[in-house]
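Annotated in TrEMBL:
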DOMAIN    245-504  domain 'Protein kinase'
REPEAT    41-73  repeat 'ANK'
REPEAT    74-106  repeat 'ANK'
REPEAT    107-139  repeat 'ANK'
REPEAT    140-172  repeat 'ANK'
REPEAT    173-205  repeat 'ANK'
Amino acid sequence: MGFTWFGIGKGRHLVQAAKDGDVEQVTMLLRKRANPNAKKAGTTALFYAASSGRVPIVMMLVEAGADVNKHTSIGEYPIYIAAANGHAEVVQILVSAKANVNKTKRDGDSALYIAAANGHTRIVEILIAAKADVNKTNKTGDLPIKMAAQGGFVEIVRMLIAAKADMNKCDEFGFSTIYTAASHGEDEIVQLLIDAGANMDPSKYFNPIHIATVNGHRNCARMIKQAIRAAAAEKAMRHVPREEIPRLEYLGTGIQGYVYKSEYHGQDVAVKVFLRRNKASIPILDKEFDLICRLESPNIVQPIVVFREDVGPNEPLQIVSEYMDGGNLADYLRQKREHQPTVMDFSTVEVALAITKGVFDLHTNNIMHRNLKSTNILLSSTGQHIKLSDVGIPPVLQYERMTDALGAAYWIAPEVLLGEEPTFESDIYSLGVVLAEIETMQRPYWNVTKTVWDILEDVKRGDIRPELMPDCPPSYRKVVEGCLKRDPIERPNALQVLECFVFAVHANK
């Protein structure tokens, strides 16, 4: 009969001694050849010692031949529990003893996963050095890097990125690592992921910018927006096969070309095709496109990429932008005037404020619109509902002859009609014309019976300007009349106009 103590065999007593941390008893039992792999209640001595960080006992058990990969009755194993509880020295001993660093629990959690989730930096370092699989997921698709991001463990995220962790893999719910970091407001981790090239595009259901904004993490949202726009700017003017942008639905035609709806990388987009090309316009467009891509404004339609075929000067240039499903402001005002249903319903001041915010954002960033008119103001039923489009497109791409520009001439400032270059002040004049449209729900000079040419001559001389309704509020009238001053110096700047409408909105609450 072997050694017993209160009826418990040597092996089972060894388990109890290891659990209690009794080094002397463990030493004695191992000398008496107690089975180092014996279990008590489904658990080994090594598991208990590893769980509590009992380094001397772990070393003795390993030297005695304990199975470093033996799991408990519930599927846990020594290196996992040591990693979970932060016992780095124990993990190192087990790694040296050839523990399987990629072994998982029944739920798929690995030692690296739990160490990353719990913020145990040194253990993560040991496991990565031991060739642990940094992309091993558990049963819900969670990765170690995602869990480290969720916990805000910057150094662990940094190590996992260096070890080639998959930053873009989503769990079963569609959450990516950058989405998780953004949702928790982890600015430094978001920046790490951006710098490492993480995919920032929204999934079908989850948008990292949206979740960061909703949770009040504006800095995270700002960083992701800026990174997306910077990436878009870098892709500008690259050669892309036309088949990447299928023509799904024509949205309209104009002097410059036509616009159609398409899909690009899973996102609904609008594609503007310029049929006429002018080589002098390309450097200007390069510069403006780069600026606009980096501009953070919710009131500007964001360009995504410019496609340019390099086979010849007569090939069309195509600008791909976010899609706005509500049409343009001119059509909206016509529908309102004719009592037709509209995608959304806005007050005069709401529309004026959104447009002015867009102009202010442009001018603050030293960008002129150059072509502000109601057909270049787009509406959407989702997100930010009112945005300026066609920002920064050079006039040489828009019109080659004044006869081409008749449809847009009513929005052009007198000095520009006289041959001067567009300025910020001429943008303000165009804004004034749009503001008049919003108030009257009519095209400029709708009540004037003269020809277009006669009207334009009157505009040049300062003899005519768009009229407002007799019952127009005095404060609104003052803003519009200021914007429409013939002398550019007398016009307000974008900030002054914006302040007037912000005040009006608050006054109406």
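Even glycines carry a Cβ here, placed using N, Cα and C.
The shown structure was predicted, so the numbers you read here are calculated from the model rather than taken from an experiment.
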Self-check item: the repeat 'ANK' (173-205) - residue tally per DSSP class, helix then strand then coil
Solution: 16 helix, 0 strand, 17 coil
Quiz item: Sequence-remote contacts (6 or more beyond its ends) of the repeat 'ANK' (140-172), Cβ cut-off under 8 Å?
Solution: 108, 110, 112-113, 115-119, 121, 124-125, 128, 134, 178-181, 184, 186, 188-189, 192-193, 196-199, 203
Practice problem: Restricting attention to the repeat 'ANK' (41-73), give the mean pLDDT. | Solution: 93
Quiz item: Could you count the residues of the repeat 'ANK' (107-139) that DSSP puts in helix, in strand and in coil?
Solution: 17 helix, 1 strand, 15 coil
